[in-house]
Protein chains: 2
Amino acid sequence: MSTAVSPLAPKSLPTLPPVRGVRLATAEAGIRYKGRTDVLLAAFDEGTTVAGVFTKSRCPSAPVEWCRERLSGGSIRALVVNSGNANAFTGKNGRASTKLTAETTAKAAGCSEGEIFLSSTGVIGEPLDATKFSGVMDGLVANGSEDAWEAAARAIMTTDTFPKLATRTAEIGGVTVTLNGIAKGAGMIAPDMATMLSYVATDAAIAAPALQAALSDAVERSFNCVTIDGDTSTSDTLMAFATGKAGNATVTDAADPAFAAFRSALEDLLIELAQLVARDGEGARKFVTVEVAGAESDLSARRIAMSIANSPLVKTAVAGEDANWGRVVAAVGKAGEPADRDLLTISFGDIRVAHQGERDPAYDEAVTSAYMKNEEITIAVDIGLGSGKARVWTCDLTEGYIQINADYRS
Amino acid sequence: MSTAVSPLAPKSLPTLPPVRGVRLATAEAGIRYKGRTDVLLAAFDEGTTVAGVFTKSRCPSAPVEWCRERLSGGSIRALVVNSGNANAFTGKNGRASTKLTAETTAKAAGCSEGEIFLSSTGVIGEPLDATKFSGVMDGLVANGSEDAWEAAARAIMTTDTFPKLATRTAEIGGVTVTLNGIAKGAGMIAPDMATMLSYVATDAAIAAPALQAALSDAVERSFNCVTIDGDTSTSDTLMAFATGKAGNATVTDAADPAFAAFRSALEDLLIELAQLVARDGEGARKFVTVEVAGAESDLSARRIAMSIANSPLVKTAVAGEDANWGRVVAAVGKAGEPADRDLLTISFGDIRVAHQGERDPAYDEAVTSAYMKNEEITIAVDIGLGSGKARVWTCDLTEGYIQINADYRS
């Protein structure tokens, strides 16, 4: 398996400021990897609210079930994330491991199990030996730091080739608040190796229902618009935590105008993290934006965009630097959404390659081929029927994807 | 691009007997390929009935539209298939090319345009120069042979690495009839290169509506159960022709008990052809059967089976000879169909690897790994909820698929 950093990685990592009320610590629990951290503890001050969005898989992991059951409590004191083992499809053992991890954490952190949230990512179907956390938990609680964001992002990586971090600020009622986020990919939303996990912490004071509404809304235009291979993990998790230390008047209504700037910053942060996931797609060499306009509705546009972004033939064409818009037409056609071949317009970047159901009369192979050599490619489709639009992100499909995924478990 | 024959190809090609009333001829029209045949003419005696099933793409090719419009006529005198250019997404030019090809053929064959059916496969979006057919059409009509089935199967190939042929016999009211079929793949149902085309001819006497009913039914358990990459072509076409020369009493009702043996033979023939398509999937090194039982309905089982068969992560695991049943669980989970993780049973071949939501206690990595080295792999899933079942076929996903598809058009 290649360990080279993705060519699409950002040139430098951002330095994340502290978020008051959040302390981070990492350790080597030896779950699967040797010589690297594989467990993250995020400890939160009392009064921290929590929101979450989880995989739609009908076969979710034990930690996902654990989190879902505790989300209605609305408060969190500790998050434990381990990499190396997903604790998914592990039956009763999986539930026991989850319970044991929560007990160990609650005891060390001095809080109730109901305020512990858990994530696991890594191999599926292998029993997770949760006793390995016991030896490191006291140290994790004792060593929490406000400045360990990069270490946190590194501890949750599986096949990621670079850590994913982003930060924003926003104002709520004249008070500046901070939002920090971390994420891991990498074969987006793929099972035993490529679960998508992301966590956002803010010092803003936001009641849990308002935080949940803001998160659920923003995910639609960020993480739900990125795909690597169309596979959905049993463990996908996005959570947000609000410590309330910034001193703003607590937001209780997601529709409060004073909350708008925060919501915008949250969406922007999640888009950056989602794009980082696509930039680290397994084997990715090109970052692809698919824009669909003129569909009958936004939902229809999104389905068409996803059909294009998930098409192996479109993705291999991009890998081959081939402006193969015929495959884009085919992907539109198979989406099952209203579309009329003779109204389609397709562009690669600013170059219109097809119009009204046939190749653009001005089509120039040399110009288009030169565009396809770029590291960032935009495929734009106008359906010509309505005003629905969508934008999704993906990467190309290369031999590297096959190598990584044919080799992973063995 | 590799030109080696798929390792999953049959050891020898069957010799197809004549089908009375069908004459075949091939030629080099020079559409795209050099030094090989690229056009097939099948001429049928008067009185031949026709049925067809076509792509569900919302953006079908011009020849597909042509055929659909003429299917209600119920009779055929000539079929023209060219490889090298799909005449898809070619707008008005595409319709003009189709019309010109039909005119040329009708004139040479001495029949009406309404009895001409057309297919094109190859690059999408490039204008098809139909005048190239003019120079070869008289020769095609003059040189028709009852014994040119293999040549016919070769002329319609694009990236196929071997020709696909199958034959059956059946009795209708005591009269033995013959069914011959040819097909081409290869990246199943993928656009500009991998359109699936298949044609079946029989000397049985069958009215067009009964032939259509039999074909539409059989396709559900044959071609609609094979997938290479989940991509759907703009040109997929399956047609059946019945010349009536065998002398049986004409079948007018698909439910006629005398028709049952024919229908069974037809389904069997189509399954063989569909499996040949999967065996020639682009880059395929392993032939995979996915069997789902215990689903809430047959339709639900089919959707789950297709979710498994289309999962890039399952397919790369098979390529890597890795019994990664965790990815199978994930594929079940993402299908969106009723499933309960803790009721799932998963087997590779006869080896039960997972049971009741966790790894089988008797799981033996060495035994399972040895099984995965086979050229033919069966993945069986019991959902444990009902009696719905389905069986689909696919192949593994290898670096060869990427190489072929990243290189094809350029």
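Here the Cβ of each residue, glycine as well, is placed from N, Cα and C on the backbone.
As recorded in TrEMBL:
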ACT_SITE  B:T195  active site, nucleophile
BINDING   B:T158, B:K184, B:T195, B:E282, B:N405, B:S410  substrate binding site
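Of the listed binding-site residues, namely B:T158, B:N405, the sparsest CB environment within 10 A is found at B:T158. Candidate recorded positions B:T195, B:E282, B:N405 yield B:N405 as lying near chain A, with Cβ-Cβ distance under 8 angstroms.
In three-state terms derived from DSSP, B:K184 (substrate binding site) belongs to an extended strand segment. Around B:E282 (substrate binding site), a 10 Å sphere centred on its CB holds 32 further CB atoms from the protein chains shown.
Within 10 Å of the C-beta of B:K184 (substrate binding site) we count 28 further C-beta atoms, all protein chains included.
Between the alpha carbons (Cα) of the residue listed as 'active site, nucleophile' and B:K184 (substrate binding site) lies a span of roughly 8 Å. Its Cβ placed at the centre, B:T195 (active site, nucleophile) has 33 other Cβ atoms within 10 Å.
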